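Peer 1: Per TrEMBL, the features are:
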type    : residues                                               : note
DOMAIN  : 12-222                                                 : domain 'YjeF N-terminal'
BINDING : 59-63, 135-141, Asp164, Ala283, Gly339, His390, Asp457 : (6S)-NADPHX binding site
BINDING : Asn60, Asp131, Ser167                                  : K(+) binding site
DOMAIN  : 248-514                                                : domain 'YjeF C-terminal'
BINDING : Lys427, Gly428, Ser429, Glu430, Thr431, Gly456         : AMP binding site
Amino acid sequence: MGITRILTAAQMRKADEITIASGLSAFDLMDRAGRIVANSALKCVPDYSRIVVIAGPGNNGGDGFAAACHLRKYRIPVTVVSLVPVDSLSGELKKHANLAVKAGVKVREATSLGAIGEVERWLSRSSIVIDAIFGTGLCRGLGGLMAEVVAKINACDRPVFSIDIASGICSDSGVILGVAVKADMTLPIAATKWGHWLAEGRDYTGRLLDVADIGISDDAIEASWRETCDCDDEQERCFCVNSASLINDEYLKAAWPPRPRLSHKGYFGHVWVFGGSVGFTGAPQLAGLGAYAAGAGLASIICPDEVWPIIASANLEVMTHPESSSAWQKADAIVAGPGWGLERGELLSRLLDTEKPLVVDADALNMVAANPALQSKLANRTALTVITPHPGEAARLLESDIGTVQDDRKQAVLDLVRRYRCWVVLKGSETLVASPDRDIYLNPFGSPQLAIAGSGDVLAGMIGAQLSRQKGDGATLGELISSTVALHAKAGAREGWYLPGELAKLVSEVRQNLERGDGKEK
Ligand SMILES: NC(=O)C1=CN([C@@H]2O[C@H](COP(=O)(O)OP(=O)(O)OC[C@H]3O[C@@H](n4cnc5c(N)ncnc54)[C@H](O)[C@@H]3O)[C@@H](O)[C@H]2O)[C@H](O)CC1
Ligand SMILES: [K+]
């Protein structure tokens, strides 16, 4: 399966070092990056009558010089504006700068604020701007000349192509460090970085192009996870990211293979939703519909007796039982929480004691957050468990606040894993799924249309469906859970729905397209 890895700056540096130690030189890596930048910029922008590269002090700037050199091979007029004196460059940067001059690239320097007028003039003569100011090495906020140049690039009204990451975006968190280039397109070098996806980074990245393969192997990337882990294993269990990848269409195909012709409803699992309370009778029904939409064979609700007649008479599809029923003992998976209220702690405690796969959602999470005994049961559960907090619920579970969760969602998802030792689905724009072993999957699909009451209930039911039929299809649990998040997001991104019940219908359509393998879903 094609996996797109997401790396931190430290992991990228380590993978780079491992590659260099195995025999590929830093000069060659930069040359390869430059060649791919040149070809890719020419493909993206039709008018390349004059290309201006703005080069910073580090290797990102070196990639810019190398790209300029490759562009000259096509006889394209190229100017590199170096923001540091060219004489101060050393190592492979110096070599690539020299080669660029030899190839006929015009090299200009702008090393003080007095040169900003000239930078503006060079930008105004360009047809594309290549941003090679900073990459993964940016470590503090931009100020002075650098900040002014970024402002001029953003104002120049030319297509902007960023090498690796838009300069000014922190590659580990996606936040803007002072000011950042607003790229039209970004070419990630060797791997995508967290900054392409998180916080403001996603908007500043523009179109994220396919990762440039500069010869850094998967093995080097995998080794970089281990070698950048700074936990002391003797003292504590490691809680660094073990691996991080982007959910892609192949995950969805693996999760919804064609249905066997001779299958029956029992084959696809029976999901039981525990939820509903006075005023919240729709939530468990939406979860039940979500379970069917994701492919469950049967869906049932167990609800408090006082709302049982309402829920039972309100829908045809989902079977409904009062709490006194013990029929749920046959469940293949349980979803606890949608619309449940905060009075069901005892029943939740019993569900946590079962060996059934369990999705803990909504009010069940709120009860856990308020009750240390439930927290300890959740953390010590041996059966498969998924918690599905939105940022508010995550904050309660972590005794933190929403701002802290949202400012570092990667850390929040790891903290939830550390505390509750189960699968975590941290919902929101770019939902993160984390395994108990700290493998993280980022969902790039979706739309703000999903920010509506009830959409989380649909998702909880969908995850229940996947847990109820985990057997046999060959997809890993990570693929199953993360592709369920992606299916929900893809359905939500479709036009023409407003009500969460309609979302379940769209989920069903997208899922059936996948199962038919007609490849219509993009
Ligand atoms: N992925 C790879 O294996 C390869 C990546 N390449 C490219 O190299 C950059 C990363 O290079 P690095 O030199 O580490 O970092 P930068 O170019 O981002 O710049 C670091 C440079 O800037 C100084 N600095 C940091 N913050 C500031 C600031 N706010 N103001 C002024 N100066 C600042 C810092 O001290 C350093 O001197 C990666 O993104 C790729 O583009 C390789 O070319 C090929 C291998
Ligand atoms: K850049």
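Heads up, the Cβ atoms here are built off N, Cα and C, so glycines get one too.
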Peer 1: Can you tell me which binding-site residues out of Gly428, Ser429, Glu430, Thr431, Gly456 are within 10 A of Asp164 ((6S)-NADPHX binding site) by Cα, answering none if there aren't any?
Peer 2: none
Peer 1: Within its own chain, what residues at least 6 apart in sequence put their Cβ under 8 Å from the Cβ of Asn60 (K(+) binding site), listed in sequence order?
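Peer 2: Same-chain residues close to Asn60 (K(+) binding site) (Cβ under 8 Å, separated by 6 or more) are Ala132, Ile133, Phe134, Gly135, Thr136, Gly137, Ile163, Asp164, Ser167.
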Peer 1: Using the Cβ center of Lys427, Gly428, Ser429, Glu430, Thr431, Gly456 as the AMP site position, which other residues in that chain lie within 8 Å, going by their Cβ?
Peer 2: His390, Pro391, Leu426, Leu432, Asn443, Gly446, Leu450
Peer 1: Anything within 10 Å of Gly456 (AMP binding site)? Look among the binding-site residues Asn59, Gly62, Asp131, Cys139, His390, comparing CA atoms, and list what you find.
Peer 2: His390
Peer 1: Which binding-site residues among Gly62, Thr136, Cys139, Gly428, Glu430 have CB under 6 Å of ligand 2?
Peer 2: none
Peer 1: Pop the Cα-Cα gap between Thr431 (AMP binding site) and Asn59 ((6S)-NADPHX binding site) into the table, whole Å please.
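Peer 2: That separation, Cα to Cα, works out to 32 Å.
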Peer 1: Run through the Cβ atoms and count how many others sit within 10 Å of the one on Gly456 (AMP binding site).
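Peer 2: There are 27 of them.
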Peer 1: Near Asp131 (K(+) binding site), which residues of its chain come within a Cβ-Cβ distance under 8 Å, counting only those 6 or more away in sequence?
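Peer 2: Asp131 (K(+) binding site) has long-range Cβ partners Ile54, Ile153, Val160, Phe161, Ser162, Ile163, Ala166, Ser167, Val181, Ala183.
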Peer 1: List the other residues in this chain whose Cβ sits within 8 Å of the Cβ centroid of the K(+) site residues Asn60, Asp131, Ser167, in sequence order.
Peer 2: Ile54, Gly56, Gly61, Gly64, Ala132, Ile133, Phe134, Gly135, Ser162, Ile163, Asp164, Ile165, Ala166, Val181
Peer 1: Per DSSP, to which secondary structure element type does His390 ((6S)-NADPHX binding site) belong, with helix, strand and coil as the options?
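Peer 2: Once the DSSP labels are grouped into three classes, His390 ((6S)-NADPHX binding site) ends up as coil.
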Peer 1: Anything from the binding-site residues Asp131, Thr136, Cys139, His390, Glu430, Thr431 with its Cβ under 6 A from ligand 1? List those in sequence order.
Peer 2: Thr136, Cys139
Peer 1: Measure from the Cβ of Gly428 (AMP binding site) and count the other Cβ atoms within 10 Å, all protein chains considered.
Peer 2: 20
Peer 1: What subset of the binding-site residues Gly62, Cys139, His390 lies within 10 angstroms of Gly428 (AMP binding site) at the C-alpha level?
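Peer 2: If one measures from the Cα of Gly428 (AMP binding site), the binding-site residues that come within 10 Å are His390.
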Peer 1: Give the three-state DSSP assignment (helix, strand or coil) for Gly62 ((6S)-NADPHX binding site).
Peer 2: helix
Peer 1: Quick one: pull the CA-CA distance for Ser429 (AMP binding site) versus His390 ((6S)-NADPHX binding site), whole Å only.
Peer 2: 10
Peer 1: Would you say which of the binding-site residues Asp164, Glu430 has the most Cβ atoms within 10 Å of its own Cβ?
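Peer 2: For the binding-site residues Asp164, Glu430, the Cβ with the most other Cβ atoms within 10 Å is Asp164.
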